[in-house]
Structures are given as structure tokens and as C-alpha cells.
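This report refers to the structure that appears directly beneath it.
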Amino acid sequence: MESGGPGNYSAAARRPLHSAQAVDVASASSFRAFEILHLHLDLRAEFGPPGPGPGSRGLSGTATLELRCLLPEGASELRLDSHSCLEVTAATLRRGQPGDQQAPAEPVPFHTQPFSHYGQALCVAFRQPCGAADRFELELTYRVGEGPGVCWLAPEQTAGKKKPFVYTQGQAVLNRAFFPCFDTPAVKCTYSALIEVPDGFTAVMSADTWEKRGPNKFFFQMSHPIPSYLIALAIGDLASAEVGPRSRVWAEPCLIEAAKEEYSGVIEEFLATGEKLFGPYVWGRYDLLFMPPSFPFGGMENPCLTFVTPCLLAGDRSLADVIIHEISHSWFGNLVTNANWGEFWLNEGFTMYAQRRISTILFGAAYTCLEAATGRALLRQHMNVSGEENPLNKLRVKIEPGVDPDDTYNETPYEKGYCFVSYLAHLVGDQDQFDKFLKAYVDEFKFQSILAEDFLEFYLEYFPELKKKGVDSIPGFEFDRWLNTPGWPPYLPDLSPGDSLMKPAEELAELWVTSEPDMQAIEAVAISTWKTYQLVYFLDKILQKSPLPPGNVKKLGETYPKISNAQNAELRLRWGQIILKNDYQEEFQKVKDFLQSQGKQKYTLPLYHAMMGGSEMARTLAKDTFAATASQLHSNVVNYVQQILAPKDS
């Protein structure tokens, strides 16, 4: 086992953490009984046909876990999170200090136990119980083929169409279908990996060390402790290009020039601004991997190597806020982590706030308020569809046993979370002071997982005068209400600095609502100078006012080819929604084309909702499009689209 050691992060926090008692109903593992110190993966990738037969595609090898028993009374069994797609064939135990090759390796019995539809428990029995504080290594020999954690793409699902591709996606609870682990954000460990690939392929991982070992082997090491969901691997036909002093872009060769052009020189500016605000960037490198088009997310903040959708290659740097969001996770989420998935707002609400602080410094308050207004519109849309009183519209979500945390995903932790952090800044009343507080918060809880109580107690201790005033229980704005009551945020940050960009968009949208639009007034507005988010805001207003009077959408598309023929994904999404809301069948093909070009969940699901909520022709379009694209979508997205096409409760 390549030992990475846990570094100096075992120093207890200055306070006992509430999160030390946190339960995680989404994990079958005994993560409170054992401390995981290090994980090492030694895997070989094979690209064969799908299926269980010989020569089929899969990852095979070993996962070695370095563990320490935490129970005063010792333990005779260890439970890990696993999945039916993992075939474990052997387990051996080596007691004593890590790397002690003199210690005998003994085979140990193991079996699986049912847990939920998204995983199972792997139970390993010790022939002799381990005592309190005993250390040992457990080596598991296994293979994973088809399953939800490892995504295999055929050549036609990639941008280059020449070679297959494989990647892993751990968040929220999918890495148990990649390797046996404590699949909970409550605990963290360092990891290393040795990955063998076929000729002509390159492996990359979320690690701060990347070494080529011989023609087909790659060694990785992550020297800081991270939760299991942030361990990520991708293998494909990959090239790289430097875009800054500590950043490079990775992509298929056909995309590398576009990626280099779009992000050269800008990432360092984002990182440096983040460091000024939130403290040192501890992860060493910040690289970007542009994924194949079927990647279901805008970005996944795997440390050192963010996985991003190729939709971000807009050609005009207009979608850089997604990168700022992922960079912000370097402090909020990756360094300080939610202890379970019911506290997801601690990752995402803070990251939205951090993203918008960086954006304000780099692009100004007007632009940032405009972007935040589009976020607020998404929250409004979500709450209109789900109903404000839906329990998922609380910041603290109660995830019931058996419920996949991924199924609770929505805009609330992002945008309502952002509103709560903004409210706390508003209580402080001084932006510099609140920035200093955020830096102190990161420093206090770095490399740890926390609950809302840990954060809020720290906030009130940091600002004793606010504690004295009882700001946690101001009627209507109680911290408990913020966390545990569903519905619209009690406080909304002031977005009026964005009025200079929003007002013209609102006024222009009004002109399109009349049955005889004043084309002279419309053409006097120079939207050619508008930034992408101003156009997005305008289209959101048009969508809210749809259906428009007959003929207006056709005229709108003809007047603004910049919108109706856009290549920018945010514009294509909204234009598609407007087409469907107005049943503008001449342009239906554009909806299908967009859904065939990418598989991002945030773009895909709203369009299927709009098609199924539209005319008979729109519903037919939904079924035809899904039949044509299902094979190139991520398995989670396929499941969600199927639920939209044929709701279970209908």
C-alpha cells in the first residue's frame, strides 16, 4: 500500500463539534466505530463491451483501507458501504502499523447485507476482535463493471467520437458503487491510487500529485483529508494545456484549443481573489477537466480537478461564474463540509455567497446582482412547481431512511442558503467584518465536517454583541425558522444595484407582451451590447409573461437571431422553454437539437417538464427526443426523465 498518511489534521477543534454525534441515515457503514486514516486504490481499467461476460468493461484490483478502532470495548466486525455492482472476491487483514510488511496478512470472512436501493453493507468479520485504538489494514479485492458510480461512455457519446471514456461521480452517495468505503461526508481521509489504463489512454484524478509510471500507469496522491464523495477518476483520450501558474485544462484533443482559449489567464484571477477573501488555497493545483457532453452537471468540485460540462465553452467567457462557483467550493464544501446530506446548504449556500463575493470584486455589484436575480427566479420557479410548503424547501432537510439524498436535490440549499448567509452578513452590517468572519470560519473548521449548530454557535461567539442582542430569535427571522420551516426566504438581499441592467430588460419584455408590439421602440434597444446574464434575465421575464400574443414569439426570434440561434447553453435553455410555453412548433427541432447536444441535468429536466406540460405535439416531442437520446444520458438523469414522462403516482 502506498502510504499517504493523514497529515497533521487530527488536532481536535477548539470546541466539541455537534457533528461528532451526527447520524447519517444514508450510510450503512460503521463510520463511528472506526477512523479511516488512508485509502489506496490499485485498479486496472478495461474497455470492453458492456455486460458481465469475460472481457467486458470494468475496473478491477484492490482497495486497501488503513483503519483505527475507536470503540473503547473494541469490535469484531466492520461494515462498509458497497453496492450490488461491486463484486468483492477476497478480504485480507494486516494488523499493526501501516506499511509493516512483517505483520501477517490473514484472510477474513465477509458477506453483504441489504441496505437500500442505492447500496448495501459489506460486513467484514475479524477472527480476533480488534481492541480500542488498534490499527490495521484491510485489503479488498474487487471488480466493478456496470453500475451507477462508474459511468462508461461509448465513443459516440464523447466529443471526439473515436475512443471510449469512463468517469466516476461520487456525490452524493455513488462512490460506494466505485469502491467499498465509509460513504458519508461525516468523515475524511487521505488517499492514493495506482491506475493502469490501455494504450492511448490517460487517467486523471482529484489529487494533488499526478505521476506517470511507465507507459500505461498513473500514480495519484491526495495529501489532505477529503470525504469519500470527492474521490474522482476519469480515463479517456485526454490532452492538457497550461492556463495559469497552478492551473491546466484537460479535455479531449478536439476541445483542448477551445478550452485553453476560454480559460487562459482567468482562473488565477478567480483563485487569487478567493484567497484574499477566504484564506489560503490549500489544494496546490486547480485544474479543469472538460467532460464529454453527457456529463449531467455544470461542474463537480472534485478537489484539484473540477469536472465541468463542455457547455462552458461558450466562446465568450460568459459562463465563467460556474468556474467561480466550483473554485469557491475549495473553501466551502471541500475544506469545511456538511456532516450529512440534510445539511447540504452548508456546502452550497456558502458557496453561492462566496461566488457572488468574488464576482462582485471582479465584475462589479450590478452584474453580480443581475446574476443573483436569475438565481432568485430559479428558486421562485422551483417553489411554484414543488409548492412552498414542500418539506424539501427547508434548509435542513430530514432525509428519511431509504431515501437517496440525490432525490432531495433542488434550488433551495443554493438560493435560500445564499439568502440566509446574506442575512447573517446583513446583521453584522459591515462587509469587511463579515469577510473576516468567513476567513475565521474556514480556519476554525478546515478539514472537518460540521452541522448548522457548529457554524451558528461560532458565528454568535465571533460576534458577541449580536449574541447579546439575541439575533438568533428575532421574530420572523429566528435561526430555527430559517433551518426548519419550508417556504420562501424570510429575508432577501437587496439586488437594486442590478437595476441598471435589469430595468432595461424588464422594459423590453413589457414591449413584447402587447398584441401589436411597437417595433420602433423595440429596435431602439441595443441588446447587442448586453451581457449574457442580461439576456438571460430578459428571457426569464418573457417566459414569465408567456404565452405571448399569437405571432410574437416568431417575431421575437426573427428580431434577435443572437438569441434564437445562440450557442450559449443558458440562452438555448430559455429559448427552448419559451418555444414550448408558446407552442411555437416551427422551432421544436431546436429543443430536440439542444437536448441531443448535451445531457446536463439542469438543462434537461426543465425542458422535459415544459414538453410534458405543453400540447400533444410537445408531449410527442418529449417521447421522441428521449427515445433518441436516452443512451447518451447519465443513469440518474434517465431515471428523472422517465419519472417526468410517466409519473409513478399517475
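Residue numbering: from 1, along the chain as shown.
Glycine too: its Cβ is placed from the backbone N, Cα and C atoms.
What Swiss-Prot lists as substrate binding site is Gly298, Gly299, Met300, Glu301, Asn302, and the listing cites similarity to another entry. DSSP assigns Gly298 (substrate binding site) to coil, not to a helix or a strand. Non-local neighbourhood of Gly298 (substrate binding site): Val308, Thr309, Cys311, Leu312, Val322, His325, Lys600, Lys602, each in the same chain, at least six residues away, with C-beta under 8 Å from its C-beta.
The Zn(2+) binding site annotation in Swiss-Prot covers His325, His329, Glu348. The Cβ neighbour count for His329 (Zn(2+) binding site), using a 10 Å radius and every protein chain shown, is 24. DSSP classifies His329 (Zn(2+) binding site) as coil under the three-state reduction.
Per Swiss-Prot, active site, proton acceptor is recorded for Glu326, and the stated evidence type is sequence analysis. Contacts of Glu326 (active site, proton acceptor) defined by a Cβ separation under 8 A and a same-chain sequence distance of 6+ are given as Gly299, Met300, Glu301, Thr306, Val308, in order along the sequence.
Tyr414 (site 'Transition state stabilizer') falls within a helix when secondary structure is assigned with DSSP. Look at Swiss-Prot and you will find Tyr414 tagged as site 'Transition state stabilizer'.
Remark: Lys446 (N6-acetyllysine) has Val282, Leu335, Val336 as non-local neighbours, by Cβ distance under 8 Å and separation of at least 6 in sequence. Annotation note: Lys446 (N6-acetyllysine) sits in a coil segment as assigned by DSSP. Per Swiss-Prot, the feature N6-acetyllysine maps to Lys446; the stated evidence is similarity to another entry.
Within the same chain, residues at least 6 positions away in sequence whose Cβ sits under 8 Å from that of Asn302 (substrate binding site) are Gly170, Ser206, Leu230, Ile231, Ala232. Each of Phe297, Thr306, Phe307, Val308, Glu326, His329 belongs to the same chain as Gly298, Gly299, Met300, Glu301, Asn302, is absent from that list, and has a C-beta within 8 angstroms of the C-beta centroid marking the substrate site. The DSSP secondary structure for Glu348 (Zn(2+) binding site) is helix. Distance noted between the C-alpha atoms of Glu348 (Zn(2+) binding site) and Tyr414 (site 'Transition state stabilizer') is 5 Å. Residues His325, His329, Glu348 make up the record's Zn(2+) site, and a Cβ search at 8 Å around their centroid adds Glu301, Glu326, Ser328, Phe332, Gly333, Asn347, Phe350, Thr351, Met352, Ala354, Gln355, Tyr414 from the same chain. On its own chain, Tyr414 (site 'Transition state stabilizer') has Trp345, Glu348, Gly349, Met352, Gly375, Leu379 as residues at least 6 apart in sequence with a Cβ closer than 8 Å to its own Cβ.
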